[in-house]
């Protein structure tokens with residue numbers, strides 16, 4: 001009683017009604033394409049022809065020769081590194097200040113979260129206007145050289161524009177998770193520390209940070225996976241320009257498959273991306289869990 | 001003692017003042033992009049180029065940008081498409097995922113645990129590793145792309161694993177088996193038990209998931225761009241993108257278009273901010 005039926009016929013009926021529809025859609029949309037993707041990497045399909053020829057592993061060899069892929073992967077790693085650090089730093093500070101009983105803290109929280117509600121396409125367009133028109137205008141009227149030309153026309157500045165927009169977008173989201181973490185801290189421990197004469201910095205590094213490890217694990221995981229896969233903002237803010245210097249790996253994979261019509265190589269590169277994301281986020285969760293146990 | 005308190009009070013006051021001030025500065029930085037977009041959406045192009053900051057426009061304000069953008073973006077139509085796709089996808093994924101999760105919790109067999117592990121593991125696959133074969137199977141082989149129902153089908157499939165995962169955790173920890181047994185002593189079917197007893201109890205977690213899925217579906221660009229090519233069936237992000245490409249030099253019109261795209265979700269946020277914020281936090285911490 002209470003399980004999904006006693007008689008075999010009843011069990012099968014419940015399986016079909018409850019679980020099968022969900023499982024089948026999931027398999028059809030996620031698992032089958034994922035597996036089929038391995039087969040695609042062994043073919044020379046161009047997206048148009050009806051026939052595919054099996055060409056063995058040469059697409060993988062092609063990946064190693066594709067210098068554009070590796071440079072976009074390098075750029076992505078750099079982007080992920082700075083975004084993850086800055087997003088979490090800003091988010092942690094915001095959360096710290098906004099859990100101190102400040103006046104209007106709910107209002108601030110609501111405001112900082114707003115960019116997360118809006119899709120990357122629109123955010124990218126909004127900031128494209130800011131960087132290419134507003135800041136240039138600002139530079140002209142104040143004489144500040146740093147803004148005199150559009151950031152989006154200089155490879156290095158365009159990269160930082162991407163990072164800035166990412167921080168602006170994601171920090172409010174991570175802030176909410178850190179706030180939840182701060183609210184869960186036991187006030188007893190903090191008070192005990194103050195009574196024992198712990199200074200602000202000691203309190204932060206020796207008590208708050210170790211206790212916040214679970215929140216760090218969640219936030220780092222979310223920012224890492226978001227940053228590796230970013231596409232929308234990249235597309236509408238810089239579009240990979242100038243001269244393809246800000247093309248992150250997700251955009252490279254897209255163009256390889258759908259613009260250059262090289263599906264096999266594109267999919268092989270996508271699998272590399274998958275591998276890297278899986279290894280890095282797996283490692284991060286493993287280390288985080290270890291820290292959590294120690295703390 | 002008295003003086004000490006006063007000194008502490010003054011210091012605390014100064015620190016608080018500094019905190020409020022720094023928050024205000026940060027807040028202004030976060031909000032300026034929105035303010036500028038809204039402000040310039042009411043100006044003529046010449047005034048925008050001349051001074052995008054100014055609240056004073058030489059040629060005055062206009063709502064012409066909005067009428068043009070509204071029409072050129074096909075706003076009503078793409079808004080309707082987004083509403084249709086987001087609404088139906090969310091409804092379907094909520095029902096299917098809760099039923100699947102319920103089955104996984106209540107029927108402890110090998111099949112359940114294998115399927116559940118598969119779903120949990122699949123959450124680390126990036127969309128980029130699936131999109132190419134997805135287009136190849138459903139586009140080239142089956143030729144069913146370019147329908148809104150196809151997009152709904154894909155949305156449901158991609159959202160399934162996370163939704164099942166979150167429902168599973170909730171059902172396991174907070175739906176007691178005895179309750180179901182007591183509620184249906186007269187031997188009603190499992191389906192009746194689920195919809196009349198269990199599903200209403202899932203309400204807190206259901207609202208979390210609805211919020212997460214609605215935001216994800218409404219704002220999604222990459223998947224819809226691969227599925228929907230025809231203009232009449234484009235969702236809002238797609239038509240915004242197409243519109244921007246055509247009118248990128250008409251700043252006023254562009255700004256108005258962006259405001260129109262953002263407005264529905266911001267209005268919703270104003271009405272439901274508490275629920276949205278707590279939903280997002282609950283979703284992130286649970287997965």
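Even glycines carry a Cβ here, placed using N, Cα and C.
Whatever TrEMBL says is automated annotation, not expert-curated.
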Ask   = Among B:229-250, B:251-272, where does TrEMBL put the label transmembrane segment?
value = B:251-272
Request  = Match it up for me: which of B:82-105, B:178-201 does TrEMBL list as transmembrane segment?
outcome  = B:82-105
Task = Using TrEMBL as the reference, determine which range in B:20-42, B:43-65 is annotated transmembrane segment.
result = B:20-42
Ask   = Which listed range (B:20-42, B:82-105, B:111-138, B:251-272) shows the maximal number of Cβ pairs under 8 Å with respect to the transmembrane segment (B:150-171)?
value = B:82-105
Query = Should the transmembrane segment (B:20-42) and the transmembrane segment (B:111-138) be scored as in contact, given a threshold of at least 3 Cβ pairs under 8 Å and pairs 6 or more apart?
reply = no
Message = Can you work out which residues elsewhere in the same chain, 6+ from the ends of the transmembrane segment (B:82-105), have a Cβ less than 8 Å from its Cβ atoms?
response = 112-113, 115-116, 148, 151-152, 155-156, 159-160, 163-165, 167-168, 171-172, 175, 194, 198-199, 202, 206, 209-210, 213-214, 217-218, 224, 235-237
